[in-house]
Amino acid sequence: QGIFVLGLPYALLHSGYSGLFLIILAAALCCYTGKILIACLYEENEDGQLIRVRDTYEDIANACCKKLSPKLGGIFVNVTQVMELIMTCILYVVVSGNLLSHSFPYVRVTEKTWSVIAFVTLLPCVFIKTLKIVSKLSQLCSLVHFIIILVVMIYCLTQIHQWSWAKFRLSVEFEDFLVSVGVIIFSYTSQIFLPTLEGNMKNPGEFRRMLNWTHFFACVLKTTFALTAFLTWGEETKEVITDNLPSFLQTLVNLCLLTKALLSYPLPFFAATEIVYACISRGNHSNYRSPLFALGVRGSFLLLTLLMAMFIPHFALLMGLTGSVTGAAMTFLLPSLFHLKLKWKKLSFLEKCADITVFILGFLCSIAGVVCSIKGLLEVLG
């Protein structure tokens, strides 16, 4: 459960009752595409036993595109993965600036300046070389996240006397609805981590059951959190729900959120830079494998996230755009396409129909979401 859960009440504001259905549908679809993606890692041997013949998302893509080019699919997947991871990093910088500006409104500093201040604390990320440090930071991040959700939920429950289902819209604006779709999709994306996760499980045979339970509980938490928050504030629901909290709680929660955002940044940043560095250093040039070059790659990516955060400082719209572009591709389009390509002869008619349906839905959501998110960003930016 990432920090982007905080954007779900805002998504409900623009999608009404259909938003609740979308949160449930997205969980079911993401769980399904996670399973078929992992199925693409396996092939049957002569005895009919499933053998893991591929290790990564990149391997699956290369297997699908080997007739066109041995590495074409892998290049496309890597570019898409890096885009999603870097956009995630940018969102952390954006939300850090937003949180600081709302925590200290009496300080006459712009939100962009606050983002730069937050960014300075992230500079040590260029020296992270292994996942060992990242894992420790992520553990602290999980603890902080639990505290945040608990505080917001408790406050919402104290306002239960003000709840009214009349706050929900029966009709919604089509464009606002599509942006909400992107936000909801992005809150579930995890496919890029699944091949590594499944490969490191003590008992990979439990993967499907694990995926069912985690998506079920994620759906319950997202629905409960988004619903209670929206019923509490209704039309006044803001892009980041913690901005709706009273001042005595807002500063405390915002500082916790800031801590979470900064602790969350190293994981996608590390993953993105490792992909890029691995791709570049595959050649025989020793200069590309030097520690100094790796430091340069990480430093460049760090600077890129700051520059983009300066130009697009709008949390919900940027999240919607990211969900529509990379989230939809990695979560719906590519898993269904790869599954059809690699398993076509072994799939039943219903399985083929399911994959094609998921692909079409993902494609439509992606195109419509991109158009609406970009339009919204252009309007905000004037």
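For all residues, glycine too, the Cβ spot is worked out from N, Cα and C.
If you look up TrEMBL, you'll see 1-374 marked as domain 'Amino acid transporter transmembrane'.
According to TrEMBL, the transmembrane segment annotation covers 20-42 (among others).
Residues or ranges marked as transmembrane segment in TrEMBL: 75-94 (among others).
Under the heading transmembrane segment, TrEMBL lists 114-131 (among others). Within the same chain, residues 93-94, 96-98, 100-101, 258, 261-262, 265-266, 269-270, 294-295, 298-299, 302, 305-306, 309-310, 313 sit at least 6 positions outside the transmembrane segment (114-131) and bring their C-beta atoms closer than 8 Å to a C-beta of that stretch.
Within its own chain, the transmembrane segment (143-165) has Cβ neighbours under 8 Å at 1, 3, 5, 221, 224-225, 228-229, 231-232, 234, 241-242, 245-246, 249, 252-253, 256-257, 259-260, 263, counting only residues six or more beyond its boundaries. Feature annotation from TrEMBL assigns transmembrane segment to 143-165 (among others).
The annotation transmembrane segment is assigned in TrEMBL to 177-198 (among others).
Residues annotated as transmembrane segment in TrEMBL: 210-232 (among others). Under 8 Å from some Cβ of the transmembrane segment (210-232) lie the Cβ atoms of residues 1, 5, 8-9, 11-13, 19-20, 23-24, 27-28, 30-31, 34-35, 149, 152-153, 155-157, 159, 162-165, 167-168, 187-188, 201, 241, 244, all in the same chain and six or more residues away from its ends.
Annotated transmembrane segment per TrEMBL: 252-280 (among others), in sequence order.
The transmembrane segment annotation in TrEMBL covers 292-312 (among others).
Annotation comment: TrEMBL describes 318-338 (among others) as transmembrane segment.
Marked as transmembrane segment by TrEMBL: 358-378 (among others).
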**Report entry** Two-stretch contact, the transmembrane segment (292-312) and the transmembrane segment (75-94), at least three Cβ pairs under 8 Å
**Finding:** yes
Query raised in the report: Between the stretches 20-42, 75-94, 252-280, which one has more Cβ pairs under 8 Å with the transmembrane segment (177-198) than any other?
Result: 20-42
Requested in this report: Verify whether three or more Cβ pairs under 8 angstroms connect the transmembrane segment (20-42) with the transmembrane segment (75-94), leaving out any pair fewer than 6 apart in sequence.
Outcome: no
